[in-house]
Amino acid sequence: MTVDTSALNGLADNDAGQLGDQESADGGGAAVRRWSPFATAALFLLPTAAALVSILKDLSGRQLWRDEHATWWAAGLSFGDLGHLIRSIDAVFTPYYILMHFWVDAAGDSASALRLPSAIAMGAAAGLLALLARRMFTTQVGVVAGLAFAVVPTVTRYGQEARPYAFAVAAVLLSTLLLVRALEQPTFKGWIGYTLSVPLIGWSHLASMAVLLPHVVMVVIARRRGNHIAAWAYAAAGTMGLCFVLPMAAAGSTQKGQISWNNPGTKDLVNLPQHLFGSWAVGAPVMALGLVGLCFAGRYALPLALWVLVPPLATYATAAQLHLFLPRYLLFTVPAWVLLAAVAVCRLAGPVTGRLAGQVPTFRIAVGWVLAAASVAALAWSALPGIREARGPILGEPDFRGVARIIKDGQQPHDGIAFGGVMTERRGMAYELRDDSGRPHDVLMARTPQQAGMYDAVECKHPVACLAKTDRLWLVTTSPPGLQYVNMPKATADVLRKEFRVIRTTKLTDIQVLLLKRVVTAATGSSGDSAADRKVHT
């Protein structure tokens, strides 16, 4: 079938309606296309700026959640203590924690400071996607893909999170861009660049290494198209790159208990589009258009199909063993979906603009750009509720910030603090009270997290002795109201029931803080309880 390529709005360098498939004159691979530095910079900066506008708004508005508390804690450790930690847990995050260690030393540990590296990485990912789409297809596809990616709600969500997932997305896009460039223009410098990018993928998140499968397929296709050095160059580059990742992966393979709680069901697979993109209003049209885009992706159809389909299906099939089926672990597939959707939009705009603009090429191209812009605008409008939700509190996360305000307002010298529940309460409160020199003393901590080589402390095995000098105690717990002593050692719960009386309870979102007073003081035997003090706040 012959396609009127002049109607493809800037896609005229592709034959038979298959974008990015034009051969060079010598038959040795894709035609070498060159762009001015100004055009490249503009194409990178436009989507990057659009993404950062969304990500940087209210960057510190949402309080840190427990995984971000882990980042803060690990980043603040000395290298000796960090080494002790990763021997027990989270070895796969070692490169990220080292990066954040230096960053926190320079920028501080406020919520906005902790999240800024992720914001920059995710903003850069939007620009990298635009450059990748241009190199694979056309400039118009690059612009549409980059801007569409910038308005995906999860781009804002994980761009505002002090975890490595934004870095994983950026690393995958950078590595893929360098590979496509090396296959089009094989040079020693180009392959060195790709070699250096492979460890970045694994260092950001091991699950992202799944993108190496479509990379292999791209190399095989290039080899069949006449690129005789592709296979050897890729084998050398991939092997050298993996050498920097495998030791970390081996260490992490013994620490799977950290995510052993993750056992997804069929419902989780069905709802993956919603969680992957941040809303059905964005996920459904992008994935539907992405499937259409596969029909027009030419030689990139198979690699892109593997990129978007294999990671979720493989992690779901192996969830009982590896526990890796989590939307945030699969975030690196979102750019590929958006890229395919952009291909579909730009390809389908051809026949539409042909009817609208007749045979005036310039006008037809202009109308094509207008339709592409309208598609991005429609997606952005659909994404607004999801973006607002992405900036809001995370469902099920305790209001540690609110608890800290209550304690700061009511604390007295020599107060103690204790913790109950299963939501890393000690670590959350350590962050929220980090700058309070008069904060209550953690009276039940026998060994610090640094000494234990864990994120949490080892609690006192003899609570009677540990609490002997404490007359006022703040109990922070995520256990249900009325069951504040569950999810804590029985000996500790017994002492609190017997020797302390609750005089005030304040209930916040998914957490409560109780102020306890000793019933009988050790020195005088007088009651520390006053009926007037007993209050319950909600």
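Glycine is no exception: its Cβ is also placed from the backbone N, Cα and C atoms.
Per TrEMBL, the feature transmembrane segment maps to 35-56, 113-133, 139-158, 165-183, 203-222, 229-250, 277-297, 304-323, 329-350, 362-384. Marked as domain 'Glycosyltransferase RgtA/B/C/D-like' by TrEMBL: 104-248.
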The domain 'Glycosyltransferase RgtA/B/C/D-like' (104-248) [mean pLDDT, rounded to integer]:
96
Quick one: do the transmembrane segment (277-297) and the transmembrane segment (304-323) have at least 3 Cβ pairs under 8 Å, skipping pairs fewer than 6 apart in sequence?
yes
Using DSSP, what is the helix/strand/coil residue split across the domain 'Glycosyltransferase RgtA/B/C/D-like' (104-248)?
122 helix, 0 strand, 23 coil
Non-local residues, at least 6 beyond the ends, that sit with Cβ under 8 Å of the transmembrane segment (165-183):
29-30, 96, 117-119, 121-122, 124-125, 128-129, 131-132, 135-136, 158-159, 190-191, 193-194, 197-198, 200-201, 203-205, 207-208, 211, 214-215, 218-219, 222, 227, 230, 233-234, 328-329, 331-332, 334-335
When each of 35-56, 139-158, 203-222, 229-250, 329-350 is checked against the transmembrane segment (113-133) for Cβ pairs under 8 Å, which one has the most?
35-56
Most CB pairs under 8 Å with the transmembrane segment (35-56): which of 139-158, 203-222, 304-323, 329-350, 362-384?
139-158
May I ask for the residues of the chain that lie six or more residues beyond the transmembrane segment (329-350) and have a Cβ under 8 Å from a Cβ within it?
3-4, 7-11, 17, 19, 125, 129, 132-133, 136-138, 140-142, 144-145, 148-149, 152, 154-155, 158, 165, 168-169, 172-173, 205, 207-208, 211, 272, 276-277, 285-287, 289-297, 304, 307-308, 311-312, 315, 368, 371-372, 375
Does the chain bring the transmembrane segment (362-384) near the transmembrane segment (203-222), so that three or more CB pairs sit under 8 Å (pairs 6 or more apart in sequence)?
no
